[in-house]
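Below you'll find the structure, written out as structure tokens, and then a few comments.
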Amino acid sequence: MAKEIKFSEEARRAMLRGVDKLADAVKVTLGPKGRNVVLEKKFGSPLITNDGVTIAKEIELEDPFENMGAKLVAEVASKTNDVAGDGTTTATVLAQAMIREGLKNVTAGANPMGIRKGIEKAVAVAVEELKAISKPIKGKESIAQVAAISAADEEVGQLIAEAMERVGNDGVITLEESKGFTTELDVVEGMQFDRGYVSPYMITDTEKMEAVLENPYILITDKKISNIQDILPILEQVVQQGKPLLIIAEDVEGEALATLVVNKLRGTFTAVAVKAPGFGDRRKAMLEDIAILTGGEVISEELGRDLKSTTIASLGRASKVVVTKENTTIVDGAGDSERIKARINQIRAQLEETTSEFDREKLQERLAKLAGGVAVIKVGAATETELKERKLRIEDALNSTRAAVEEGIVAGGGTALMNVYNKVAAIEAEGDEATGVKIVLRAIEEPVRQIAQNAGLEGSVIVERLKTEKPGIGFNAATGEWVDMIEAGIVDPTKVTRSALQNAASVAAMFLTTEAVVADKPEENKGGNPGMPDMGGMM
């Protein structure tokens, strides 16, 4: 495949056209008066959304050089979404502003490496200052405000705040599509882990493709079960009780799996097998968690327990277990509350000691599963198109709220970025480095300017006034008033604002230091297929 190469100014200009096309499509959604974007779907109804990352991912441009520029900015939105779960439109607006300003200076002869240093310096100062002005989130009301701003819907804010109150900040909150018009909250007390049934023949509800076990016994082991003789004694005891059985094991295969499936199909008894969650030592810990929650024991040779000699007393109990293709939820485990409390305290102690980010995340998950439960927000709407749009909004709001709980909140509506303006402006830098700082200064005005423009106002007027206002005072584009943003409940999670700025700067710096771009040369279309006979006379 032949390649086409463009250099320096020509390359950057072509990529900038792509950046502008993508960013212009995304930034119309910013702020309380932002509009929606309609995305064509090959199948089904079009998707209407105001979610930056969803729009960015859909955009493919014909010109390969423009497309590369667009893809770079889509990466900003995508990375911000991965880290903070929201703020993707802000990140796109910041990236476009930095790239545009930077390109002007590079064209005028500035050194891209010097500019890059300046950008990095300015962003580091801005991030430190954002952390300094960040306020911790307190109470249900603050949580509701963050969620309501993100979803542009107060009702959603209340729902998410209630969900977090019910299952705790550590709890698991999932989204489902409701059959009706209303959006409601359903709290499932219980533990969920990401392992589904070993065989689809084990399902009890063919419509939902899930296995629902009422009052089951739960066998928990770290062994691989392939020989039916290993579990025959315990199966016989469970069958006598007339209750279903959930088997959590390293794996269930071969003869053992075949026997369980055949008996399920014949209606002799119901047993569902799932693989144990996690790996290595983490798996042992999670199995122990499940055992404590359900009042059972982990059948492990390390602990001197053998499958063949297991009695019904070693099995856990729960009022209900739901197993889907991907997840298992244990509801209302019959474990001793004192033992569960002790286990929770043990995990909390480990959380305080750990230095690894990954371990912390996994311990948080385990804590959530033991301490809280699972809250399900059932999203309802009149049409499928509205349902998809609403679901995306609520997903963003949920991520936003979690980010706020983690790192606190700052004034919303782009005000927080303007509040760090003076600190960034005070950076001592010379030459091209100073130019890099100025680029960031110009970029951090952009979200406020865009929010005002989307509300039909002159952005520059709002930006200039904001520079003279006290910190925390900002422009409420929804009402057209100047207010104390945090008091008015217009807040953004610090993590979202920080991630948007850092990711935008990272991609802008890469963009400005680009000197050559290589793309596939489009193939010449030679017209119709050769050798096709004349179709004359065919009806």
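Quick reminder: no glycine exception, Cβ is built from N, Cα and C everywhere.
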ATP site partner of THR29, LEU30, GLY31, PRO32, ASP86, GLY87, THR88, THR89, THR90, GLY413, ASN476, ALA477, ALA478 (as recorded in Swiss-Prot), chosen from ASP432, ASP492: ASP492
Sequence-distant neighbours of ASP86 (ATP binding site) in its chain (C-beta under 8 A, six or more apart): THR80, SER150, ASP396, ALA397, ASN399, SER400, ALA403, PRO493, VAL496
Neighbour tally for THR29 (ATP binding site), based on other Cβ positions within 10 Å of its Cβ: 21
Span of the ATP site, taken as the largest CA to CA distance across THR29, LEU30, GLY31, PRO32, ASP86, GLY87, THR88, THR89, THR90, GLY413, ASN476, ALA477, ALA478, ASP492 (Å, rounded to a whole number): 20
